[in-house]
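A short write-up of the structure that comes next.
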Amino acid sequence: MESKQKVRKELRTERPSIYSFEIEELKSWLSENGEKPFRAAQIFEWLYEKRVTSFEKMTNLSKELRTKLNEHFVLTTLKTAVKQTSQDGTMKFLFELHDGYTIETVLMRHEYGNSVCVTTQVGCRIGCTFCASTLGGLKRNLEAGEIVAQVVKVQQALDETDERVSSIVIMGIGEPFDNFQEMLAFLKIVNHDKGLNIGARHITVSTSGIIPKIYEFADEKLQINFAISLHAPNTEIRSRLMPINRAYKLPDLMKAVDYYIKKTGRRVTFEYGLFGGVNDQVEHAEELAELLKGIKCHVNLIPVNYVPERDYVRTPKEQIFAFEKTLKSHGVNVTIRREQGHDIDAACGQLRAKERQEETR
């Protein structure tokens, strides 16, 4: 099995983003280049607390070290191509990468703080039939630094109003567990007290259900919140909505969930999108309650976002409430996700898909 370091280095460009480096990696690089390892903490402070935009601004570093940093690294490879702001304060960013690909990042405002939804891949290979992110397939994985830079860019926007990012959800474009090592590096960087210092319990990662990686993630014993994109109460419906279910079947997925809960002691959130006439009836709620019986979990009901390229219709409000009521009657912990950014292209992949359409006209 290839080492984590080798896998990560293979992803890096000729002059990588310094945001890709965990603090211990940066210490090693400094030692190898004749510098004191303690400088890593100073560099992290400039990157994540002061959020400077050039190495020259790192004024407590020697000119020689600043030159070395400039020769070996770039600060960020993201350029803001589009920025949309919703009436409810939701902000959606379309970032252009160094190779011309684009990715999405969303800032969501809540009563409890500001949450950033980050992307982990350019496109997605999973092929969920309700998701705009899969249109065009998977182009490439993001480096950890490209994921970190999304949060930094959003934080820089919030700096203008003296606000801060308080939580992160890894639920943007792509399957995080398909880019596992870079995702782990991202988690360690944003969670580090010298990094963005986002508490582990304020970070959520979601997967469509890549079972081997769920076991691996459980063994990491992180205090990160964990979510599963479930979207169905049985194998037949899940296979229709999510082709990944044909490779990683629902019964095996539930075994992996059980392992995760026992290994970490933490509950799992199940994301359940409601699609009119497909999975939103009371009998589906009854079946879902039976599937989740005895499992330490929370269900997040998601009214589907309309995607023009897909053919699903929205579940009526009264049906959503009936579904919720049925789950509650069986003792299932459940909430309905509050919609945000409804007046902009806020659904995952919509803004990128729109831009791609305009580019090909």
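Positions of Cβ are set from backbone N, Cα and C atoms, glycine also.
The S-adenosyl-L-methionine site recorded in Swiss-Prot comprises Gly174, Glu175, Ser229, Leu230, His231, Asn305 together with one of Ser115, Ser206, Ser329, namely Ser206.
A gap of 9 Å separates the Cα atoms of Cys117 (disulfide bond) and Glu104 (active site, proton acceptor). Cα spacing between Cys128 ([4Fe-4S] cluster binding site) and Ser229 (S-adenosyl-L-methionine binding site): 10 Å, rounded to the nearest whole number. Taken residue by residue with DSSP, Glu175 (S-adenosyl-L-methionine binding site) is part of neither helix nor strand, so it is coil. Taken residue by residue with DSSP, Cys128 ([4Fe-4S] cluster binding site) is part of neither helix nor strand, so it is coil.
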